[in-house]
Amino acid sequence: MPPPVSLSRSLETCSEEASSSPSVNVRAGATTRTQKTKTSSGNKKRGRVATLKTRPEVEQIFEGLSFFYIPDNDIAPVRRLRINRAKEFGAEWTRDMMTATHVIVEKKLVYKDVEKLWPKDGFGDRAPPKVVNEDYPLDCIQFRAIVDPGQKKYLLDGQVTTETKDKEVLLPTSGVVDSGPGTKSKASSLPLKPQHHNKRKWDYVPPRGTPSQGEESSLMKSLPKANARSKTPPKKDDELSEFISMMQEFKDLPLDVDEDDDAQSTSVGSQHQVDLDQGSGSENERPSKRRSSRRVRPTNKAITFKDRFACNRAGRKDAGQDNPNARTIEMLQKMNSYYERVNDHWRTLAYRKAIGTLKQQTVKITTEEEAYRLPSIGRRLAQKIEEIVTTDKLKRLEYAEEEPTNSALQTFLKIYGVGNKVAQQWIAQGWRTLDDIKQHVKLTPSQMVGVEHYDDLNTRIPRKEVTALGEVVKRAAAKMDPMVQLIIGGSYRRGAESSHDIDFIVTKPGTESVAHLKSFLNTLVAQLERDEFLVARLASSRAGSDGSKWHGCCVLPKIKGLNDDDEEYRPIWRRIDFLLVPEVELGAALIYFTGNDIFNRSMRLLASKKGMRLNQHGLYRDVLRGPDRVKVTEGELVERRDERRIFEILGVTWREPWERWC
DNA sequence: TGGCTGTACTG
DNA sequence: CAGTAC
DNA sequence: GCCA
DNA sequence: GTATG
DNA sequence: CATAC
């Protein structure tokens, strides 16, 4: 594999600006097709400027800004294109730094190079221009917003940051550059989101009238979007498109690559085409900054089989507040709940996994590439993460939340017994509020309770109260059968500070089937109902079935020292569940009822990959699954009593309940 | 391109 | 069984 | 949405 | 009606 | 619940 010498040479030709960035050209050359080899004169003038488009006013994001480029010319085709792009969006190209609002520096250069050009006398009264690398304008265009120029990703080599926060800005010598007004840009960005196949699904449909929503594959990113915009029908032959595709391919590559990159690639060295240049060993782990489609997951970060399962990665609660990615997580969670609402089951799953991954990060994830290297974060999510970090918002989410039916959906789904089908149906019938529902809809008994006690049932239960409720039940139970054990599971067992409901695992030494506990539960429930502790029954075993659970509502009685201080004690309805578990199955049941659900699914998935099966009853092996993965054989029971043994057999290192937050 | 945990209860 | 819940 |  | 899906 | 026994 001889290095592409010839190519690079031809490039150099076109890069008359010598000293600077031969590399750029290399690429251009390599891409041949673009301007046939002989880029020079003829083609060059072929009115690129003439093709300058004017974009709709709303897109004039750079209005009032003037960019000073370093190097100060537009000889290199790529830079010329970039300058023109900036102009399209309202920027002025200035050749005088004194009038510039931003100094756009080629990545190959370091901060010192900028200092050389920096006016010795400063800028007088006016704020000095912001110094950023060439990614800055591109990102602004991509997000259709003036993003914070102080972000790390726009720093030059050798540039020092002033603040430790996210928004640091570097100041040139005399510098007093703050991130300036509008660091939190409010500018509108365009949606970047390919709508999906998602057959037969009521997928989200962007509100009409909003700016192009469209298709835009993740690989296409910003530029193509422009052409595809509704208003201006794309012109196939537009020569700009040629550049566009070229830009897409290279815009994220450092402009220096190639043969000379060598040495300290501390810079955003890229090793694209690593395979080409022999040994040079640039195959360091540098996350290739390219955003092209080519998937190059760094191989160095080998993820072992078992590490791919969430149940094997540590996780504790809390990962929230102080987490450096809190903002990102918050936004993704909103997207997640949106997809939950529209019943996009699998996307919801993907988001939850990604959020889990993010929660475990100890450093802030800033760029797409950085995010992409993490497990369960693919291109699409990585892009969204970068968008959030860069613009502090997510366009896709804004559209989603604008959906008029969205709020009604959100309301209805929080009613016990109402899922997506029913909620959609109600909305289709025109109902939008709880009142509408109360008046016009025939509810099932469960839904009735759900509506009547809507607020109570959607209020989280403080841990302290869960404990208190637990005591009430345990006391009653002990009175009727001291041998029975009640274990509070769910998030409480994981150590949560508040829970959505209370889960009791009801078991008793010596029991081998739920039948042995059924009568006890009936008695217990009956008693607690008389005590007016249990106030509603939502679901309980059907006659014939295994009958192992009971769902209902309860209220905490007035208790000395806990809630008797207020003259007005109002009982709050709480969701309560009982699960009958024969003692022999306690381990499996504990795993199941401790969760969280991602943890459980992960454990079960791992089990199934190992030819085993895990459910609330136990761990089985040699499960035979027929042709359509239909379970043919139950499999042989391996373990069910001992929680730890189940972990062991699955090859999962033991994790305490409070370590099962995924 | 197909899978994505596995089960119990309601109506 | 579809829908819902866990 | 992610992944094998 | 009761069982089944 | 809808359908079947």
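Going from the start of the chain as shown, residues are counted 1 onward.
Any Cβ shown, glycine's included, is placed from N, Cα and C.
Residues or ranges marked as active site, nucleophile in TrEMBL: A:Lys384. The compositional bias 'Polar residues' annotation in TrEMBL covers A:7-24, A:31-42, A:210-220, A:264-273. The feature compositional bias 'Basic residues' is assigned by TrEMBL to A:288-298. The domain 'BRCT' feature in TrEMBL is assigned to A:57-154. For A:1-51, A:171-239, A:257-301, the entry in TrEMBL reads region 'Disordered'.
In the three-state DSSP scheme, A:Lys384 (active site, nucleophile) is classed as helix. Residue counts for the domain 'BRCT' (A:57-154) by DSSP state, with H, G and I taken as helix and E and B as strand, are 37 helix, 17 strand, 44 coil.
If you average pLDDT over the domain 'BRCT' (A:57-154) in this model, you get 89. For A:Lys384 (active site, nucleophile), the count of additional Cβ atoms within 10 Å of its Cβ stands at 26 [all protein chains shown].
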